[in-house]
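Enquirer: As annotated in TrEMBL:
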ACT_SITE  B:127  active site, proton acceptor
BINDING   B:11, B:72, B:73, B:102, B:103, B:104, B:105  ATP binding site
BINDING   B:21, B:22, B:23, B:24, B:25, B:154, B:185, B:186, B:187, B:211, B:213, B:214, B:215  ADP binding site
BINDING   B:103  Mg(2+) binding site
BINDING   B:125, B:126, B:127, B:162, B:169, B:170, B:171, B:222, B:243, B:249, B:250, B:251, B:252  substrate binding site
DOMAIN    B:3-275  domain 'Phosphofructokinase'
């Protein structure tokens, strides 16, 4: 291949710019051209496409968000949209596509693959909920952002002897809650992958207070339920005066961590390597410290993400 | 005076520990003893009091929260509570009291002053809503915490072409919203001290989009209304799909900034200076860069906090 | 005036971009045009000048450094350079100039003023060593950057029972050392504005150790001497095994703090206000919380910067 | 085992406190007692030992440094010291020991193992230079600290069109330089594991300038040579006016990242698991995402750490 495209799709994640930069720099290094597609699949269909130079990605590795913009575009589920996209790429002479994003982005890459267009999907989402990879681009940054917030909230919780429920992102996956729960020394972690017994949660708070704990911090994955809902359930059992904090959109932003920048760079370069060899229909992952490529159809059809539940057990043993 | 007490009361604020440290260190330097009172006025009434040494405040200047704990204690509004507090201080030989906190704390210090007990109030709250001072302990840290969150949210807002309403703390005062609105380049700042016209706000968003702005960020002081309520009003006018983020308790925590640590240290040392000279019935402020003492009764009865509204005008001129 | 220019000169400082942004936005708001001059006075003489739009300063308020670049340019001390600069500005129709920078930049503005060209100087330097202002753009960010480094070093110092000398910037002024020394709880602060007695410094370390202090941190202003030189003097007295850390260029960078962004915005807008009225020959300052303009010739000829030496005394009283 | 000891030794690293906390909490959870030994092997020989409770490790997971203090203690290389240490542990009824630290700490654990005393070594050092593990406790924090410094320096480098040499830690290993070089987009990375040709380095700088690069950042591992020495070599070739920044001790401190806290917690709990089963003579590692135990004698005698040199190649391909 001589000319490839790159787009970001779905929710943005820190490190997406680092991935785009790696795609561009590696392509130029290999003598290939790169076109950037704005606003994800929407821009692809609309032809919002431009050539990228090395200068376009200068001073970009450290920035949060995505300079190619992102958008949700449900219409891409239709064959019409997909064919239009392929037509646009032909018009620009683009022979292969790098798609950076989460679940929906992979669905788009899957569809293009079925139409025979060479795509490589890169897992880019803070939620870490993508099959075929131990970590996604943005996850490491997100957990450090959440952790910093938890550290701040602990200052206040300790000063006032309070119980806090902190609702964190993660969609249907508990990864963010798990990692930040362990890292912050949270008393309890509530994730979709594990059930919970609200009576037991209340009992644990009471026990902690009897042991002299100044604060109780409960990290709640958004996939379980809303933080306020959870707090109401707790307060219905005992008069805990639970405080709720929903961390919200701050979790998506920020300058990427070292690990996210490195991972994004590795993924970006690898994607170019594969496309250069004419290989498509793939998605990348880091599995046991190795950057590998999976068949994207097999990945979406047959693989499933599961968080590291050993961390759940670990927290039960050392948090109380 | 040979022996003084120190307590923190109301909502905690970064820099309270730095203030306590300065009270302790300066007292020891002046040959005085210091007793720490846990849990604010509640602990004062209950006699939860202990002698503090220089070691108790070692490695403390950089910590958020308050190691003396804080509590709201409405019962201190009764004369009974106040007399009990004075009795406890006599029992411990405490001749003067440093009270660090916000509005409610000042009310407590005011009451003790009326009973003839020497008190010095230090303005400690993130909200900056205390009369008699340009800045309170904790404000500078809070605005930097909010600013960091706004910078992160901008990453996401830009990546998706979105309108965000960010609800920030400040109780009835707009200071946090004003400073962080200017500092983040927010398109609009909504504060209690200024009215707002929702139709005009909507119009501004539309104009911004026409000019090519990728995002609109509206910083809303909690004293105006709830962020979700505000977003609903906006979405009722046009289909903006406004996103809301309520920053919440993270705003109270964190390691204090340089300025908050310096200001807290200045206040703490000054309070000891005054009590050493037998002066009470005071509250401290930094006014035009000078640390000064006001009569606390006059301050609460006759003075009023107003934010720097020049910043509001400034933002209107440079944000669009 | 209808068209003004803006440049940054000398060492860069966080908040310079926020100041440029305010100059541009305020000018457009007032119906004026703004031209950006690259590389300071060097670019001015060379005619490296371009029109700035509102878009050029979008997403810029939070960035460290200066997007107009800066350069030292000693040749501007010659009349020839100055006349060439004025000629270039005439060529571009520029009627007034905003100069953002430190001492050398003020010298340039002073020279242009003497030639009758309207200039407004904005104090932009991390060193806080400019006469006519309590604070310069960049100082607040720099002290927080230094403070964060000092907090990190204290972790290590405490873990090992060590004495550290930390050399911080500030040119001939002790402001950075003073503020960060107080804010970090440093045992000693060594600044050019105060003498020091190395025997006494050594004595203090020994006393601290006897009191049980785990670490001694000495903050040394670069204007006094080199950190290694200072450490050698100490180690010559006793076998302290002093560790030295020279913080270096990290002190100049980083995203500006809330205060630096607000101050920079205030200065930028004020400069435009003045030029619009045809006023030049000025430099701005924040003095006792007010943004004011001084005659630049009087400021350079007759005024002198002094740090707040009360902080020095304060530290002696509460640090040990 | 019913009672174990824990110590930290050598250079401190962020996450050591999190590891100690996990050792304590997990032990209590398993019905075992834990004794903390101050100042590493020095304190072990001297009997500076005390029982740790759950409260001793409360509010500790987020702190840099080590609250058990650390010390270098070359005398522990003698058999006399080792036997004395074992005697002290017997005196306190300590049946097994967790040693957290770097190379020297492992040597100590190795010696105790040879004397038949059950030890488990945990890799705790920012340098990542320990055999048997992909990552050490503290490495992730250190690379993020360095990265933040590099981002700040880039602000300044860009503003002035400069070449910077940044000397980073790592002892004989290039890991810190490699990861932060890739993550910061450094133009060149110089590590001990790869040779370098100073003429080629100079040539690359010149080429970069010709391509329009505003700055060149060279990340230099301390194991290669001193930053100033390197800069002199460069300046001898061409008049680059290279700036040097030696990051120094800030790299050792700071609140640990999410990953370092999680890893430290996993290691701490695993060490207790093993000692509880009576297993000693081990050191832990995370290898391909799995927490595993190696024979400590085999590890030190036969294994060797090597950094991920794929990152070196990657950087050559995408940095220019």
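One is the number of the first residue shown, and numbering goes on along the chain from there.
Using the three backbone atoms N, Cα and C, a Cβ is placed for every residue, glycine included.
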Enquirer: Select the closest residue to residue B:243 (substrate binding site) from the following binding-site residues, measuring between CA atoms: B:103, B:104, B:187, B:215.
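Expert: Going through B:103, B:104, B:187, B:215 one by one, the closest to residue B:243 (substrate binding site) is B:215.
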Enquirer: Max Cα distance spanning B:21, B:22, B:23, B:24, B:25, B:154, B:185, B:186, B:187, B:211, B:213, B:214, B:215 (ADP binders), Å?
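Expert: Between the most distant Cα atoms of the ADP site, 56 Å.
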Enquirer: Max Cα distance spanning B:125, B:126, B:127, B:162, B:169, B:170, B:171, B:222, B:243, B:249, B:250, B:251, B:252 (substrate binders), Å?
Expert: 32
Enquirer: Near residue B:102 (ATP binding site), how many other Cβ atoms are within 10 Å of its Cβ?
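Expert: So the Cβ neighbour count for residue B:102 (ATP binding site) comes to 25.
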Enquirer: Sequence order is fine: just name those binding-site residues in B:73, B:104, B:213, B:215 with a Cα within 10 angstroms of residue B:252 (substrate binding site).
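Expert: So the list reads none.
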Enquirer: Under 8 Å between C-beta atoms and at least six apart in sequence, can you list the same-chain neighbours of residue B:73 (ATP binding site), or say none if there are none?
Expert: B:9, B:39, B:40, B:41, B:42, B:45, B:81
Enquirer: Restricting to the record's ATP-binding residues (B:11, B:72, B:73, B:102, B:103, B:104, B:105), give me the longest CA-CA distance in Å as a whole number.
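Expert: So the binding residues stretch over 13 Å, Cα to Cα.
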Enquirer: Give the residue from the binding-site residues B:23, B:169, B:250 that has the most other Cβ atoms within 10 Å of its Cβ, counting over every protein chain displayed.
Expert: B:23
Enquirer: Hey, does DSSP put residue B:104 (ATP binding site) in a helix, a strand, or just coil?
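Expert: Residue B:104 (ATP binding site) sits in a helix per DSSP.
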Enquirer: C-alpha of residue B:11 (ATP binding site) to C-alpha of residue B:215 (ADP binding site): distance in Å?
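Expert: Here the two Cα atoms lie 34 Å apart.
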Enquirer: Under 8 Å Cβ-Cβ to anything in chain C: which of these recorded positions pass, B:25, B:127, B:171?
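Expert: Near chain C, the qualifying recorded positions are B:25.
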Enquirer: Provide the number of Cβ atoms within 10 Å of the Cβ of residue B:252 (substrate binding site), excluding the reference atom itself.
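Expert: Taking every protein chain into account, the count is 27.
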Enquirer: Say you check the Cα of residue B:25 (ADP binding site) against those of the binding-site residues B:104, B:169, B:171; which is nearest?
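Expert: Nearest listed residue in space: B:104.
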Enquirer: Distance between residue B:185 (ADP binding site) and residue B:105 (ATP binding site) at the Cα atoms, whole Å?
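Expert: Rounded to the nearest whole number, the Cα-Cα distance is 34 Å.
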Enquirer: So which binding-site residues are near residue B:125 (substrate binding site), with CA atoms within 10 Å, out of B:21, B:72, B:213?
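Expert: Those close enough: none at all.
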Enquirer: Who sits close to residue B:103 (ATP binding site): which same-chain residues at least 6 apart have their Cβ under 8 Å from its Cβ?
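Expert: Listed in sequence order, they are B:10, B:125, B:129, B:130.
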Enquirer: From the binding-site residues B:105, B:243, B:252, keep only those with a C-beta under 8 angstroms from any C-beta in chain A, and list them in sequence order.
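Expert: Listed binding-site residues meeting the cut-off: B:243, B:252.
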Enquirer: For a quick check of understanding: among the binding-site residues B:25, B:72, which residue's Cβ has the most other Cβ atoms within 10 Å?
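Expert: Selected residue: B:25.
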Enquirer: At a 10 A cut-off on CB-CB distances, which of the binding-site residues B:21, B:171, B:213, B:215, B:243 has the highest count?
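Expert: Buried the deepest by this measure is B:21.
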